[in-house]
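Remarks on the structure that follows.
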Amino acid sequence: MDPLKHITYYNHVLVRLPSNNLKVCELKPNSDVSLGKFGAFKVNDIIGYPFGTTFEIHYDNAIEASAPDAGPSGDAAQEGTSSKGARNKFKIPVGRLSVIESRLTANAAATGLGSEEEGTPQRELQLVGNSDSNKNLINIGSSIQKLSSEEIEQLKQQSVSSNEIISKMIEAHGSFHQKTVYSQEKYLKRKKQKFAKFFTVEYMSSSGLLQYLIDKGDVLRAMDLSEESMGMILNLANIRSNGTYLCVDETGGLLVYALLERMFGGENDSAAQGKIVVVHENEHPNLDLLKFSNYTEEFIQQHVKTVSILDYFEPPVTEEVKEAFTPLTDEQLKSLKSNKKGAYYRRLKWYNTQLEIIEWATKQQYDGLVVASTLHLPTFVPKLGERVHGSRPIVCYSQFKETVLELSHTLYNDLRYLAPTIVETRCRPFQTIRGRLHPVMTMRGGGGYMMWCHKVIPVGAADAALQPRPEEAPQGAEAESKKQKTE
Amino acid sequence: MSHFSEYKDLIQVGDLALVWISRDNIKPVTITAGETFNTRYGSFPHDDMIGKPYGSQIAVRTKGSNRFGFIHVLQPTPELWTISLPHRTQIVYTPDSSYIMQRLQCSPHSRVIEAGTGSGSFSHAFARSAGHLFSYEFHEVRYEQAKKEFEEHGLFRDGNVTITHRDVCHDGFTIKNTDKTTFFDGKSAEEAQQPACIGADVIFLDLPAPWDAIPNLDCVISQNSKTSMCCFSPCIEQVDKTLEALEKHGWTEVEMVEIQGRQYESRRQMVRHLDDALQRLRDVRERKQVGVERRKRMFNKIISDQEEPYEERPETPKTQFNPFGKGSRVKEGDSNYSWKEVSKVESEIKSHTSYLTFASKIVHKARNEELVQSIIEEHKDVTPESTLPGKKDKKQSVNK
């Protein structure tokens, strides 16, 4: 079993609900996971299946009544009842699981219909007939549905299967036969999303984590980032497993997680030496979203280093640090009283951290700079860029074009930055049904903008005479500056 | 390590470097002692580059003038290579390739199939991130070119890239030692007896007829985990046929998308206030008035028959108020004027590259019951309410 490919205990996973929304779950052994109105299931029943598997939750009608101590018996896959059934009567009952082909078949369905032939309406629809157009359809609001919401609730209480509820609703619908077949299908899909009981377990990818934030309406916290911009940042910054990157992350750790995933692919025992130095604006870094990652504490400590902007730009002085503390030799340490050892190790940790900060802020040459910050970029980025090695990329993400524009103008006049460019990428999804392909009617508007350039080393100060002024275009760059300025 | 994968400090003999002349003129150069790199701005001896750090700007005095030409010497990256490479076919640009890699979760853990190789632009990006890249090219000349290029770029040195000459639509993806492939290079005769173990979980099909290749994938994709794929097709009719094949062969989570990438130039527009424009017109009108009145006087003298009607034309002063520098060449950004920073979309945009059709498949949606039962058994005493074991313990219990 590979925890990167199979559903494994203690891992955080994403669960995709029938509504297509994502939920983060930690898979504790022997526990139950509740998906609210979509049902509940036992973690033991999904362990070992490949990521991407879709499960359907089944309820035998008697299930709620019989809930004595069945205990988590060996054959969990067949075991339907919850051992703690009676404990909480508001608890969503735990269902039995079966693996199904795909989310689509879950939709079509459970009605026993596999992949539909082109042009054949779904089974529920075959019985009711439809209209070529909607010319006879008159909108009289919700009174067209004869079933009251109380009655529907009652059906749900009786654990009637979702398909039966939907069939009853269609029966009770006054003008269903006057809808076109397309609109009937949409109706079915909507209702199934509401009543269906299936879910898909997905690997915790960086895109998935972003999608989770979007579903939660929390994407502003992640600076309105989009999946396509995230991918673009990683590629433009040439992120690879052996680099040391300087990073500013105001997305709560999403960006750092995306870097980690690209560098190590979730592997805790990766031999790669890559590192991310995160410079943060507050006293403590906010990499909160890393709590959902499946990297171990040690792994994160080894590969993600954090330092505040104050420590980074005004690093401690080596002499002062060494003056304040001298590590003991092994022998001295042995003779140290045990009650003093704790204090000693605390000081030692402080000492090592200080030395590390000095290393990152004054010696390290970075293989890339990735910034997602709301600080004023034209003053911030050139200072960060100082420690980026020549020829290495710099990528700054912003929610707004104006801020990267201002940055790009600033860098354009700075000879240490080559060809700042503003880039934007947008993904346009299509309704992907044969014969009915078209771009979806609405989509999310986020995604922001990126500034991309490379750090360079201008002809040295010693050859000051050679120093090209940005104002007077030098010969070599002339073609480019023309393109920039006139075009 | 390859010229791409190693972060190099200094420019050294034998390196593949990219010389940046301008935004749309980037040239690959193999650094050789004694050689020169010629541009129309001057000749740059390689010896001036050797030993300098990557990213260095190199200056040279241009022939016949006292000005200098400048270039920058960069280390290649897949993205820079994409904008500089010699096109053998239509290439996959960064907005598309980066999205595909992100969506397919490309990482050191991925085993990637790419068909066909084409100009090798995407291959470089895959090679950077993937655990293994199996690239296929059916055009023999392009296969040889790509193989030579990968060799020169050192991609094979990292051991995670192989290329095979193959028409995957007719002959599938399986690689045997009788094939024209780099897969068995450096492998023992014994190892070469077995066909390559591919087990791909990321598939990228950039083929004219991906629907012919899709049926051949089943035996080379991961058998017990999820495989994700992307078909890259410019025409909507191709997408339709692809969808048909995907459905027929059990691929699910099918979605087609289109990526639109844009680049903007940073520009400046002069800030010209209405009041200044009005003042300028007033100024023009005032000076015009002087002439008008002179002519009026002359006309009156002629009418009244006075002698000497002619009046000396007065020296007209130059325009006094010229807030926008009219008539003179003003450079964008001239500090004597005020400017507004603006952005302008590039003059030619890539309005359509291709449609990206994504799908996924799990061949065996099953678990190893025996193994799972032993794991469940091992954890049977863990109560869900108990505090979690430390992350340290966790991995030991999980990595069975």
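For all residues, glycine too, the Cβ spot is worked out from N, Cα and C.
Automatic, uncurated: that is what TrEMBL annotation is.
Listed features, source TrEMBL:
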{"type": "BINDING", "residues": "B:E137, B:D167, B:D206", "note": "S-adenosyl-L-methionine binding site"}
{"type": "REGION", "residues": "B:305-334", "note": "region 'Disordered'"}
{"type": "REGION", "residues": "B:377-400", "note": "region 'Disordered'"}
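Sequence-distant contacts of the region 'Disordered' (B:305-334) (same chain, six or more residues past either end, CB-CB distance under 8 Å): 267-268, 270, 272-273, 276-277, 279-280, 283-284, 287, 290-291, 294, 297-298. Counted over every protein chain shown, other Cβ atoms within 10 Å are most numerous around B:E137 among the binding-site residues B:E137, B:D167, B:D206.
Helix, strand and coil counts under DSSP for the region 'Disordered' (B:305-334) come to 0 helix, 0 strand, 30 coil. Report note: the S-adenosyl-L-methionine site is defined by B:E137, B:D167, B:D206, and the residues of the same chain whose CB lies within 8 Å of the CB centroid of those residues, excluding them, are B:A115, B:G116, B:T117, B:G118, B:Y136, B:F138, B:H139, B:R166, B:V168, B:L207. Annotation note: B:E137 (S-adenosyl-L-methionine binding site) sits in a strand segment as assigned by DSSP. Between the two most distant C-alpha atoms of the annotated S-adenosyl-L-methionine binders (B:E137, B:D167, B:D206) there are 12 Å.
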